[in-house]
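See structure below.
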Amino acid sequence: MTASTQSNKKLITYLVLGCLGMFGFGFALVPLYDIMCDTLGINGKTATTAQAYDQQVINKSRTIRIEFMAHIQPGMKWDFGPTTNVLEVHPGELVKTAFVAKNNASKRMIAQAIPSISPGLGAKYFHKTECFCFQQQPVDGQSPADFPLVFFVDPQLPKDIHTLTLSYTLYDITEKTLGEALTGPQAQGVTP
Amino acid sequence: MTTANPQTNETVETIHEETVETNHDDHGHHEQPPKGIMRWILTTNHKDIGTLYLWFSLTMFFIGGAMAMVIRAELFEPGLQLVEPHFFNQMTTVHGLIMVFGAVMPAFTGLANWLVPMMIGAPDMALPRMNNWSFWILPFAFLILLSSLFMEGGGPDFGWTFYAPLSTKYSGDSTALFVFAIHIMGISSIMGAINVIVTIFNLRAPGMTWMKMPLFVWTWLVTAFLLIAVMPVLAGAVTMVLTDKFFGTSFFDAAGGGDPVMFQHIFWFFGHPEVYIMILPAFGIVSAIIPAFSRKKLFGYSSMVYAVASIAILSFVVWAHHMFTTGMPKVALLFFMYCTMLIAVPTGVKVFNWVATMWKGSLSFEPPMLFAVAFVVLFTIGGFSGLMLAMTPADFQYHDTYFVVAHFHYVLVTGAIFSIMAAAYYWLPKWTGHMYSMTLAKWHFWCSVISVNVLFFPMHFLGLAGMPRRIPDYNIQFANVNEIVSIGGFAFGLSQLLFLALVIKCCRGGEKAPAKPWDGAEGLEWEIPSPAPYHSFTTPPEVK
């Protein structure tokens, strides 16, 4: 093997490894993105599990406006909306509200609600002790359902945030979970 | 040469032997290429492969251009008259894909194949067989992509950026073909990039130190590293789209725990360096042409090299300026805004250096120089509108309007494409051995430069007034301006036929070109006869 083919081979090896590394990096961006969003709290994503209520003090001097929004995946034959559009709450106060949904299709469907908070930086100060978005929600055809939500706003919420908008988008995941959800134990939380 | 140390001599001999060996199996030691179609299919010669790339690119330029004509014909009047909206969407999508991956990138690879070995005094590319592969998989990629347009359900219709969920939820079955086509194009570009890097690292002639390399070689070296860094990320992104759409994964599906905004982050992490992949070699071309026709050395050579490198590095930290309206936190908006504006500094260095090169030069305006000067002026307009878009608050108004379309067509058509035209006019005598018709070339230039501005300049105003991009219909208030734009479009499209005629004429014959047809030109490629012999620099030249 001559000197120049040897140095070619070495360089090619590095470059191919670089390519494979970058291909892997593309996929590594997926968990990296989630970690970044979680730690920096920049994506408006709230926690996916219930948090315990641990507030001793309610800050009555501060009032936060909480707005609720509801969206439905296009083509999904449901009604979905908040029972109250706006709530004025004090940081630290445990608040109970609900969304209502109705499955207008003729068959049983399973829905998943995905929450999002705006402004995104407020997301990590919005704690839910109970949320319909923590579980999949099976609802019979032509039936209504109550979706309860219990939350409190962290008193650490930055001073410049006066309003938090909580938006839920409802997705039809019937097909994705058909097998387990219809034959296995029913997901809790829905009593029509 | 005789004083060179023994090791250098050995390397020289090795290179020589290898070249001979490379050609050994298919056509022995003949100096001339074999005849017939097999020459082109089996070739490992960098000049042949460069020619193939350039013709392929020109073909794609006309196919993508025909799609642009469909788009402009539909937008000539408000309302829907010629094509269905679904087909219109396919046209905007495939026009973008063809022009980016089929016209601009292969043209630059073709130029690199032709010129990099000749500029650094190498006998060929370092990896000639891989070179053959990297070209020949390309036509199949575009065959797959274009054939999907004729299938049931149509081709890709989600824009060249294939945002999720448009590409994962609302797209047709042809998405699979689109994904495979992108995979093949990516593999081709990566192989091309590896070849360029290995060639530049290992095959420079003795004495060709890094800081003596022509800027075209430098810019291509940086481009090749960018390609290796981001094409695999694009491959990853299309793979995720494929599995989301057909295999039930949820990378970008909110219902399954994914995030559609993440698609945009991954796509633009590829997409922004891609923008520089399409412009850095253009900088190299212009940096070769302007000194030649100013009869002066390039002003600030080393600052040009550093500017290219800093643009390339900065290109990795500005991607989210494509996504200002996705609701990012203020800190992120500011970071990406300032980083984006920072790119104006090295770019400004380049523009000022070109102007300084022309300053008090003995200028003449042959066709390559005309295109190069037009490049400097018009690319700078595109740069300015880019700065406007970089301002986050202003971007909320410009986002997804024709202002953006005007911006990136100024940098890609009057930037990248004009530089490729300039390169063709500059090196065509070297490639074909014939001079081309100066009159025809000047007609081509003036028709192009006037019509391209009629085509793209009014788009700025359409965008500022609120006309959204990628929509087949528009409000009646935009009617007059769109008429002008479409007329400019048809004129620009027709003008390119002059170029085709000129190139064909020049290949067939014409006045014999001397080794160095431009008296101010510098570089090793002008020291070999025109047309460049099939094998050049089999013995490396001495660079002083």
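Note: Cβ is positioned from N, Cα and C throughout, glycine not excepted.
Annotated in TrEMBL:
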type	residues	note
DOMAIN	B:40-544	domain 'Cytochrome oxidase subunit I profile'
TRANSMEM	B:52-73	transmembrane segment
TRANSMEM	B:93-115	transmembrane segment
TRANSMEM	B:135-155	transmembrane segment
TRANSMEM	B:175-203	transmembrane segment
TRANSMEM	B:215-242	transmembrane segment
TRANSMEM	B:275-293	transmembrane segment
TRANSMEM	B:305-325	transmembrane segment
TRANSMEM	B:331-356	transmembrane segment
TRANSMEM	B:368-390	transmembrane segment
TRANSMEM	B:402-428	transmembrane segment
TRANSMEM	B:440-464	transmembrane segment
TRANSMEM	B:484-504	transmembrane segment
What residues elsewhere in the chain lie close to the transmembrane segment (B:402-428), defined as a C-beta under 8 angstroms and at least 6 residues from its ends?
54, 57, 61, 99, 103-104, 107-108, 111, 114-115, 275, 278-279, 281-283, 285-286, 288-289, 292, 366-369, 371-372, 374-375, 378-379, 381-383, 385-386, 388-389, 436, 441, 444, 448-449, 452, 455-457, 459-460, 462-464, 467-469, 499, 503, 506, 518, 521, 525
List, by number or range, the same-chain residues at least 6 past the transmembrane segment (B:215-242) whose CB is under 8 A from its CB atoms?
108, 111-112, 115-116, 119-120, 162, 164, 167-168, 175-176, 178-179, 182-183, 186-187, 189-190, 192-194, 196-197, 200, 249, 251-252, 263, 266-267, 269-270, 273-274, 276-277, 280-281, 283-285, 287-288, 298, 301, 304-305, 308-309, 312, 315-316
Quickly jot the same-chain residues contacting the transmembrane segment (B:275-293) by Cβ under 8 Å, restricted to those at least six beyond its ends, or write none.
100, 104-105, 108, 111-112, 214-220, 222-223, 226-227, 230, 304, 308, 311-312, 315, 350, 354, 357-358, 361, 363-366, 368-369, 371-373, 375-376, 379, 411-412, 415-416, 418-420, 422-423, 426, 518, 520-523
Please give the average pLDDT for the domain 'Cytochrome oxidase subunit I profile' (B:40-544) in this predicted model.
96
With a Cβ cut-off under 8 Å, give me the same-chain residues at least six positions beyond the ends of the transmembrane segment (B:484-504) that come close to it.
58, 61-62, 65-66, 68-69, 72-73, 75-76, 421, 424, 428, 436-437, 440-441, 443-444, 447-448, 450-456, 458-459, 462
Counting only residues 6 or more past its boundaries, what in the same chain has a CB within less than 8 Å of a CB in the transmembrane segment (B:175-203)?
15, 101-102, 105, 109, 112, 116-117, 120, 122-123, 125-127, 130-131, 133-135, 137-138, 140-142, 144-145, 147-148, 151, 155-156, 162, 167, 213, 217, 220-221, 223-225, 227-228, 231-232, 234-235, 238-239, 241-242, 245-246
